[in-house]
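S.K.: Let me begin by handing over the structure; questions about it come next.
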Amino acid sequence: MAATLGPLGSWQQWRRCLSARDGSRMLLLLLLLGSGQGPQQVGAGQTFEYLKREHSLSKPYQGVGTGSSSLWNLMGNAMVMTQYIRLTPDMQSKQGALWNRVPCFLRDWELQVHFKIHGQGKKNLHGDGLAIWYTKDRMQPGPVFGNMDKFVGLGVFVDTYPNEEKQQERVFPYISAMVNNGSLSYDHERDGRPTELGGCTAIVRNLHYDTFLVIRYVKRHLTIMMDIDGKHEWRDCIEVPGVRLPRGYYFGTSSITGDLSDNHDVISLKLFELTVERTPEEEKLHRDVFLPSVDNMKLPEMTAPLPPLSGLALFLIVFFSLVFSVFAIVIGIILYNKWQEQSRKRFY
């Protein structure tokens, strides 16, 4: 279902207008603050958005590097170019990633990804795609679109090559999403079908206009939309209620090539904090969680980690363990002496 960009009343139009230029965004925000209006409302239910620059990235990519002041780190074959960050070039056996150094503690958020996938390969002779991550671990290379398998968190995959030979009902490129608590492996042979939350076809390769992906997480409701037709409108792709994601994870994006390849470029990543009104009942229901999960979807080993013991608790455990050990030894000695005394009486 398309969300047409009409007047500035719709939240989609507002976001697109603000995303055009960071300078105009800041100027507009300052004018709004100066007039006492604050950030613009972007939807029903009193929802407002704020750009979080510590979790965002755009040209000229000054926050990318290895220094202590850098907000983003590159990994593998990823390179900073003038107009984009190239995760992988159109060459075989390459992988690269871009990771935010700052953990995200936002409760409700929206990530807008401006990307481009292109290359020389003809139909079905290109790959493999890219992924957008919100995970507990960062900078961990692996086989899942350049990231580690059995990750903890959320992965959104733009898969450009079908590995499953017998699949016919699915047209690639294909966008899918997966929530993992560290117990599941991504099934490459079946293109991730056993663990996906949903997906949609997305013809995003070798296009001559901008392509965008939006990941929205509000009130434990995950929504993924795309703007890939050059019409400046969002199309729904995935919508999943009951998604529980812990706070304090990292945003990143990665890509990998094998025998087939493509250029996988990221132009910008922009994260918005969404302020959403909650009822008292929703406040109770939406408490922080320790492990990612999805309601009505059973994941193996869904056991929350025990909180670490405090110093006092550890001392008391050791102390009482020693007392119990000494007590057991004393009782053992007393019983042994009584047994020996009874044995001597029988002997005489």
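Cβ coordinates are placed from backbone N, Cα and C, and glycine is handled just like the others.
These came from Swiss-Prot, pasted as-is:
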BINDING   Asp159, Tyr161, Asn163, Asp191  Ca(2+) binding site
DISULFID  Cys200-Cys237  disulfide bond
DOMAIN    49-274  domain 'L-type lectin-like'
CARBOHYD  Asn181  N-linked glycosylation site
SIGNAL    1-44  signal peptide
TOPO_DOM  45-313  topological domain 'Lumenal'
TRANSMEM  314-336  transmembrane segment
S.K.: Of all the recorded positions given, Asn163, Asn181, which has the fewest Cβ neighbours within 10 Å once its own Cβ is left out?
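M.R.: If we count Cβ atoms within 10 Å for the recorded positions Asn163, Asn181, the smallest count is at Asn163.
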S.K.: Using Cβ atoms only, which residues of the same chain lie under 8 Å from Cys237 (disulfide bond) while being at least 6 residues apart in sequence?
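M.R.: The answer is Ile175, Gly198, Gly199, Cys200, Ala202, Ile224, Met225, Met226.
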S.K.: Inside 8 A of the center formed by the CB atoms of Asp159, Tyr161, Asn163, Asp191, which other residues of the chain have their CB, for the recorded Ca(2+) site?
M.R.: Gly127, Asp128, Gly129, Thr160, Pro162, Glu164, Phe172, Tyr174, His188, Gly192
S.K.: As a test of the contact definition, list every same-chain residue at least 6 positions from Tyr161 (Ca(2+) binding site) whose Cβ is closer than 8 Å to its Cβ.
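M.R.: Listed in sequence order: Asn124, His126, Gly127, Asp128, Gly129, Phe172, Leu260.
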S.K.: For Asp159 (Ca(2+) binding site), which residues in the same chain are close in space, meaning a Cβ under 8 Å from its Cβ, but six or more apart along the sequence?
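M.R.: In sequence order, the residues whose Cβ lies under 8 Å from that of Asp159 (Ca(2+) binding site) (at least 6 apart) are Asp128, Gly129, Phe172, Pro173, Tyr174, Ile175, Ser176, Asp191, Gly192.
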S.K.: For Asn181 (N-linked glycosylation site) and Asn163 (Ca(2+) binding site), what Cα-Cα distance in Å is obtained after rounding to a whole number?
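M.R.: With distance taken Cα to Cα, Asn163 (Ca(2+) binding site) is 25 Å from Asn181 (N-linked glycosylation site).
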